[in-house]
Amino acid sequence: MTRLQKGLWAAVAVAALGAGGLAVTVSRAPEVATSGASSVAAEFELTGHDGVVRTEEDFRGKWTLVFFGFTNCPDICPTTLAEIAQVMDDLGPQAGAVQPLFISVDSDRDTPMELAEYVPQFHPSILGLAGTPEQIEAAAASFKIFYERVPEEAAPDGYTMGHASQVFLFDPDGGFVRLYGNGTPAPEITADLRARIDAHG
Amino acid sequence: MRPLGIATLALTLLIAAPPVLAGGEQVVVEDPWSRASIGTSRPGVAYMTLRNTGAEPVVVTGLRTDLAMTPMIHATTTDAQGVTRMSHMEEMEIAAGEAVALEPGGMHIMLMDLQRPMVEGESYTLSVIFADGTEASVEVPILGIAARGPSD
Ligand SMILES: [Cu+2]
């Protein structure tokens, strides 16, 4: 068993033990949020694509958009990155209040250097975050997200990844606000963020 | 055989076998596009709509391009929990008169083993291979890495 496989199995075990499975918790996250008893949190220590180690504390004071993926993903990940890039462009001056974070769940392949080559191509404001298998596992547990390796013979290194595809929004105090489902159009996210930023003052 | 016999035989063949267009002739490829790549180490992607204008279903069984050693059709699926995965589709049927859209977050052509970087502004030829051995070829324009659709 490779180190990554061990890590993933540990993540699955954590999922099975905690709250009856991560997947179930994620699907209920929006309800939980509106009831004010959210258990989704952003807790992580990861390395930015600029080489600087970051924790959730570094983003206090900003609305944070967090989403997950891997750079060997040519379909859904660029799609989400491009949507978020559009949101940041459309927000105009209000973009300064928002920090998008792209967390790679592919710790074996995605080093900070790989992310540095990839993430800024979509938008200079998006920060890529990489970590060791243990760091990614710990972050995933706090966000209550699921990820796994999917065998694919023809893919580089023989695998692709399955992963949560929603975008998580956290408020400037770090509290979980809501999920934007996979495929939410950029204008919808932009309008929602605008309203929240305006209301927050 | 007398001339009349030949004519009768020919007529019989025509009635028994109405003209069937080969897959490569009855499928129209619309709005092809790709995103640019960074180098060649990561898989590329292509999107398009395949419209079957014929009266018979067609089955896509393969793809070919000199851009990638292993082009394949993938389906991206998202489960009720929002977990997204890709899976390889060995074959893809297109019903008579129907169109299948390969688009972001859904079915797509995954370009494994890129032979050269995909450069914005360039294009490449992709051939769609059908079960009857015929092919439909299309020139795919390469758009920016953050393109979201064929008109970006
Ligand atoms: Cu794919």
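Placement of Cβ uses the backbone N, Cα and C atoms for every residue, glycine included.
Where the annotation comes from TrEMBL, it is an automatic prediction and has not been curated.
Taken straight from TrEMBL:
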SIGNAL    A:1-23  signal peptide
DOMAIN    A:35-201  domain 'Thioredoxin'
DISULFID  A:C73-A:C77  disulfide bond
BINDING   A:C73, A:C77, A:H163  Cu cation binding site
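Cα of A:H163 (Cu cation binding site) to Cα of A:C73 (disulfide bond): a span of 11 Å.
Secondary structure from DSSP puts A:C73 (disulfide bond) in coil. When other Cβ atoms within 10 Å of the Cβ of A:C77 (disulfide bond) are tallied across all protein chains shown, the result is 24.
There are 26 other Cβ atoms within 10 Å of the Cβ belonging to A:H163 (Cu cation binding site). According to DSSP, A:H163 (Cu cation binding site) sits within a strand segment. For A:C73 (disulfide bond), other Cβ atoms within 10 Å of its Cβ number 26.
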